[in-house]
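Accompanying notes for the structure given below.
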Amino acid sequence: MHLASSLFLLATLPFGFAAGKGKGKGKDNSDVGLDVLAKKAGLKYFGAATDTPGQRERAGLEDKYPEYDRIMWHSPEFGSTTPTNGQKWLFVEPERGVFNFTEGDVVASKARQHGKLLRCHALVWHSQLAPWVEETEWTPEELRKVIVDHITAVAGHYKGQCYAWDVVNEALNEDGTYRESVFYKVLGEEYIKLAFETAAKVDPKAKLYYNDYNLEWPSAKTEGAKRIVKLLKDAKIPIHGVGLQAHLIAEQHPTLDDHIAAIRGFTQLGVEVALTELDIRLKTPATEENLALQREAYKNVVGACVQVCGCVGVTIWDFYDPFSWVPYFFEGEGAPLLWFEDFSKHPAYYGVVEALTNKTRRSKRSISDRRAKLLA
């Protein structure tokens, strides 16, 4: 969602407490892996975003890189990845017609090397946008060409590599109206249709997603996202999925029923759903109480994805707390992921395990039916 900067200093919990060895830890499935459990539950993947090589810029963490890379690329925890920043407009086209795919290519290459799905992110977004786009007074004709040229170059460069593209990111206000981005001010909702239409032409095999935050419970904003799905479907323009970013708060998280209702609201429109940027921040320093709330929140949102057939996968927005964007945008909050600074696991890790393994205890028929629908 946002560009993470340098290392934040988080008070470190005692190892046993941080690893979730207190009350309610549950069985350690570290030898199994979240992606393995997710696939047994009928999901397509459980993944983590990464800012490789951006992570290398975090001074003082050099000794952490080998273990980070082992978990990210060489363990059974993750079956997919997303470049956190490397495919965004600011980085790939900083000047008009001048493209730099270096960071995105590193992640794409590693995903290919280690047999992981690649979710690509994000073609058109108002934030982390190159200044030349935002600061120019465009005519409609000129801005259409800018959008088409950008998507053609970027999606074309990664053609055949991306399981899915977040084509348009965060186009909505909280009340469900359109955000007044440079794209909307000049073109109105036409820019959304143009972006999806162009992406479909350039990479016809990629799943095309609308992606946004605060879509994880029924609200005016979820209704706005449904309007976007209907807009594209009515125009016969491909849209295959809606991404629920799921940047949540441990102390005030939605219920399981809220999540299920929101996900079903989209799948009933004939699109798949994925949790695309999952993290659940809490007030720091972490306590036993808010870590328990975080565990419950992770269990609810992952459990909802497992329980609704059209929800195909989960991506956490990195997995290692020191690499999270959260502390730089929310003062006094952090520890939003599943691994602490010492690489011990949050109690929330075991909440995710519980959400995934509860599904595996259901009938083989329900899992087979789900897999058949995913392959359809």
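The chain as shown is numbered from 1 upward.
Including glycine, each Cβ sits where the backbone N, Cα and C put it.
Quick look at what Swiss-Prot lists:
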type: ACT_SITE; residues: GLU170; note: active site, proton donor
type: ACT_SITE; residues: GLU277; note: active site, nucleophile
type: DOMAIN; residues: 55-355; note: domain 'GH10'
type: CARBOHYD; residues: ASN100; note: N-linked glycosylation site
type: CARBOHYD; residues: ASN358; note: N-linked glycosylation site
type: SIGNAL; residues: 1-18; note: signal peptide
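Shown here: features listed in Swiss-Prot, placed on the structure.
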| residue | record | CB count, 10 Å |
| --- | --- | --- |
| ASN100 | N-linked glycosylation site | 13 |
| GLU170 | active site, proton donor | 20 |
| GLU277 | active site, nucleophile | 26 |
| ASN358 | N-linked glycosylation site | 15 |
Rounded to a whole number, how many Å is the Cα of GLU277 (active site, nucleophile) away from the Cα of GLU170 (active site, proton donor)?
13
The domain 'GH10' (55-355) [mean pLDDT, rounded to integer]:
97
Alpha-carbon distance [ASN100 (N-linked glycosylation site); the residue listed as 'active site, proton donor'] in Å:
23
Rounded to the nearest angstrom, how far is the Cα of ASN358 (N-linked glycosylation site) from the Cα of ASN100 (N-linked glycosylation site)?
44
Coarse DSSP state, helix versus strand versus coil, of the residue listed as 'active site, nucleophile':
strand
In DSSP terms, helix, strand or coil for ASN358 (N-linked glycosylation site)?
helix
